[in-house]
Amino acid sequence: DRQTLVAVLQFLRRSNLRESEEILRREARLLGEDLGGSVSTVASSSSGVAAVPAVPPGKGFITCGGVSHCITLSSFRLSYELFLFAVGGGVVVEDQPDVSAVLSAYNQQGDPALYEEYYSGLKHFIECSLDCHRAELSQLFYPLFVHMYLELVYNQHESEAKSFFERFHGDQECYYQDDLRVLSSLTKKEHMKGNETMLDFRTSKFVLRISRDSYQLLKRHLQEKQNNQIWNIVQEHLYIDIFDGMPRSKQQIDAMVGSLAGEAKREANKAKVFFGLLKEPEFDVPLDDEDEEGENEEGKPKKKKPKKDSVGSKSKKQDPNAPPQNRIPLPELKDSDKLDKVMNMKEAARRVRLGPECLPSICFYTFLNAYQGLTAVDITDDSSMIVGGFADSTVRVWSVTPKKLRSVKTAADLSLIDKESDDVLERIMDEKTASELKILYGHSGPVYGTSFSPDRNYLLSCSEDGTVRLWSLQTFTCLVGYKGHNYPVWDTQFSPYGYYFVSGGHDRVARLWATDHYQPLRIFAGHLADVTCTRFHPNSNYIATGSADRTIRLWDVLNGNCVRIFTGHKGPIHSLAFSPNGRFLATGATDGRVLLWDIGHGLMVGELKGHTDTIYALRFSRDGEILASGSMDNTVRLWDAVKAFEDLETDDFTTATGHINLPENSQELLLGTYMTKSTPVVHLHFTRRNLLLAAGAYSSQ
């Protein structure tokens, strides 16, 4: 307002900050005006003690002559920020404070007997406001309820807190029930000291995205009613991300809310992401039509005069959205990798083109009598081996081709082999050790994640014992135990290029490792609860993590920054899958929904409803036409990915405000549902020719 502006300008003049004064005058269009007269405002607070005003989003405070002035940072945000910087004024730094500092914010308090009245007054106001504002302002109910309850508990008004909780907890959205259960156990000030959920809620501002009209309506109401208690909480504990434009509808808001700390700030999804694929190296591909004769028992093509095949010579143009080839150091291709790529290309030539008219066959691997408790599954890229992690701390590897698993001979036997012979790789294998199954012992707790390396020489497993182990598939022994997590490690995955791998666990962080370093290369911190699943982007420059805080984050491997935060799931995330072109991400959670995200724009672009239980497995077909989802409801569902991603509305307005328009009916995208008798689906894998493999353990209940 004008009064405040005049006061600020006078202060600038007294402090000889002529330049800042000029900028501010120019922005406020007060260039030639005289600044006579002194201005004073009085700071008041609910308890009658002058309180230091909290800085609300979009506002800054300066103190001039012992009087606090609130300045609105709207059209002249930059000048004010420069000005605040110049006078060393109240610059807000959002940091992770310690517990006592966090809790002390609850010292300012009003009359405990009036809390119910304050809350029901606001509730009545919101419920009676226009429909367009009601949906947006209803987002305030949950964070206000939690903070008012915690404030009562902290100030030892236990009976008022109990009454407040009992009266209003039933009004909260169903997806907050788990959080409310934890909250209901905090009934004394002492309980709050060591409680993680409590700390999360306190240290991370709850983010609400509200249109300017709705925000002004709320502000006006609270100021008219002089409801300082609620206004203080809004300023102190909430981050209101205000946008210009139409308020969002209830459906649009419901699609995006539900995480532990509200929605993501729009700023969080603005960074550029190189989601394109890296250019494939070029090499010659031998052509052989007689497939069976052309392969020896190793499955490797026989040496022939290489004729150039169109697949190998067709050099892909550099994808404009791809990261620079050398942005992160990637391992060089070995000869065996090149051979494998050749095999891959030949298989790809025989790949079945999938679509609504041509669905894949599904081959289901059922683990029978798995009394040890199956907790993790992975299948090699060439579909030759399958691994299971079990609750009895074993890792079991099976061959699913006629070729048995063999170990390398002992050192004494190896010294007798002629190293120059053509079939030296065959001779080093010990036929006496050949078997369909190998059991790997080493972990001291249930094994929650397993991952084969792309070259099939190594296997990763992670466990409740806090370690990630690297196993050799040549000797079937443990090579390294990586110790970095102090608590259970829920998931681990190799990079599509090998060498790097990622792990995520109960300590709320994901770690990036390289096989030859015993310390992590990067630590990705930011989730407010367990990191439950991890996935590499196909170009290996990014890692997606899903968490029990009901958010998905995308991290940049190069610098460790979080470049995307996706909110919308109503339960812990348990599965992630990138589309083969790197543009989209599919996520599944305990809420039984599959959400689809556009990585470049940082937007939700689809919601697939149909499953009735947690989704533990998601996989795109090799060309990205079909998305398969597997769930604890004993079904595999196939979705039309091409249709889901076509005609996306990602204009600037949608990107700027988050006004997403999801199709009403996801059933149109559902191509098929396949029931098992009584086997929850824990893993899905498309072979190189697009046969879908699924796996799970038969449950007799």
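Just so you know, glycine gets a Cβ as well, placed from its N, Cα and C.
Per TrEMBL, the features are:
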{"type": "DOMAIN", "residues": "110-238", "note": "domain 'TFIID subunit TAF5 NTD2'"}
{"type": "COMPBIAS", "residues": "285-296", "note": "compositional bias 'Acidic residues'"}
{"type": "REGION", "residues": "285-337", "note": "region 'Disordered'"}
{"type": "COMPBIAS", "residues": "308-319", "note": "compositional bias 'Basic and acidic residues'"}
{"type": "REPEAT", "residues": "367-408", "note": "repeat 'WD'"}
{"type": "REPEAT", "residues": "440-475", "note": "repeat 'WD'"}
{"type": "REPEAT", "residues": "482-513", "note": "repeat 'WD'"}
{"type": "REPEAT", "residues": "524-565", "note": "repeat 'WD'"}
{"type": "REPEAT", "residues": "566-599", "note": "repeat 'WD'"}
{"type": "REPEAT", "residues": "608-640", "note": "repeat 'WD'"}
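Remote same-chain residues near the repeat 'WD' (566-599) are listed as 174-175, 255-259, 262-264, 269, 273, 275-277, 321, 529-530, 532-539, 544-548, 550-554, 605-620, 622-624, 627, 629, 631, 633, 639, 641, 644-645, 648, 650 (criterion: CB distance under 8 Å, separation of at least six residues from the stretch ends). Residues 348, 351, 353-356, 359-360, 362, 364, 571, 574-581, 586-590, 592-596, 666-667, 669-686, 688, 690, 692, 694, 696 of the same chain lie 6 or more positions beyond the ends of the repeat 'WD' (608-640) yet place their CB under 8 Å from a CB of it. Within the chain, the repeat 'WD' (524-565) has long-range Cβ neighbours (under 8 A, six or more residues past its boundaries) at 175, 200, 204, 258-261, 264-265, 268-269, 271, 273-278, 322-323, 327-328, 330, 490-497, 500, 502-506, 508-512, 571-578, 580-582, 585, 587, 589, 597, 599, 602. Taken residue by residue, the repeat 'WD' (566-599) breaks down under DSSP into 0 helix, 20 strand, 14 coil. Mean pLDDT of the predicted structure over the repeat 'WD' (367-408): 92.
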